[in-house]
Amino acid sequence: MNSCQQWKTVTAMVAINFAMAITNVLVKKVLDNGVSHIIILMYRQAISAVFLAPIAYFWERKSRPKLTARILCQLFFNALIGATLCQYFFLLGLEYTSATFSCAFLNMVPVITFILALPFGLEKVNIKNKSGIAKFVGTTGCIGGAMVLTLYKGKTLVRSDSETMVHAVNYVKKERWGIGSIFLAAGTVFWSSWFLVQASIGRTYPCQYSSTAFLSFFSAIQSAVISLITERDFTRWVLKEKLELITVAYIGMVGSGLCYVGMSWCVKQKGPLFTSAFTPLVQIFAAIFDFSVLHGQIYLGSAIGSVFVVIGLYILLWGRNCEAKEETQNLKQPQMEEQDCNGTPQV
């Protein structure tokens, strides 16, 4: 049963990161066409709220706990960190840089989450046993491979006809990568913090659909306020192209809707470190999608980094599995001792 549950969470996170990779590629395409990032964020969260509200109402109406003022404040704060500020800074950094460069910062999410979780006791590492060593080595290997994906380009394994154009675009954007990096770093910190906040909300309000619907609703209001301040030209609020409409609908229902529901469930089941450790897969899927659909090029560094990411994830999952077995064994040991004490006394 535990093995089946383990594979459910693994499969869910792989599917979620695949969907998120498609989201990043589509958003980058729309941003390059001149659509404002804050307008994308506002429509994205509004569509997500409308999409999830009826599902949450009918699916969780019998299991949903009473909504108190404290829970509402937690959900509002959760939306501010995990949706509004996180996506605002990340989309702004994505606009100033490139999809590949921005994914390098996303790949740091597991490490930042791991570091932030330690003081709060949400994660623990005991390097004296094999599970603790595996968690440390797996997380480090996963991030190391993800950094190789971006920092080491290497020679081109498969060339694309658009290679010259890509180099030209990257050259033009170099001057803005400094400020873009600052925005991406801020978005990454907020994204890592969301996993920890969500772990706390999962205990007080354990309804994934309802909590995500509230997150999207509050984030839509927050981003609308920012849009009114930063985008006074209301003609930019109108989406005209077919790709823009498809992108906003997809990232709203899937990117901010189903993906957040799935991640909230995985955080509840396996914790923030396990869930965030799959983030580097976004870059792998994005590279595959970029090559097959947008005809981008694949470099040697991408292939080597992908191998390290997969190996690191396997080591981390193995460590988590060993830790779960150790905790189960520690729980069973007092019960066995109690049974021995209540047994037939020796003559």
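Note that Cβ sites are derived from N, Cα and C of the backbone, with glycine treated the same way.
For reference, TrEMBL has these:
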- 10-134: domain 'EamA' (DOMAIN)
- 179-317: domain 'EamA' (DOMAIN)
- 7-26: transmembrane segment (TRANSMEM)
- 38-59: transmembrane segment (TRANSMEM)
- 71-90: transmembrane segment (TRANSMEM)
- 96-120: transmembrane segment (TRANSMEM)
- 132-152: transmembrane segment (TRANSMEM)
- 177-197: transmembrane segment (TRANSMEM)
- 209-230: transmembrane segment (TRANSMEM)
- 245-266: transmembrane segment (TRANSMEM)
- 273-292: transmembrane segment (TRANSMEM)
- 298-317: transmembrane segment (TRANSMEM)
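In terms of DSSP helix, strand and coil, the domain 'EamA' (10-134) has 99 helix, 0 strand, 26 coil. According to DSSP, the secondary structure content of the domain 'EamA' (179-317) in residues is 117 helix, 2 strand, 20 coil.
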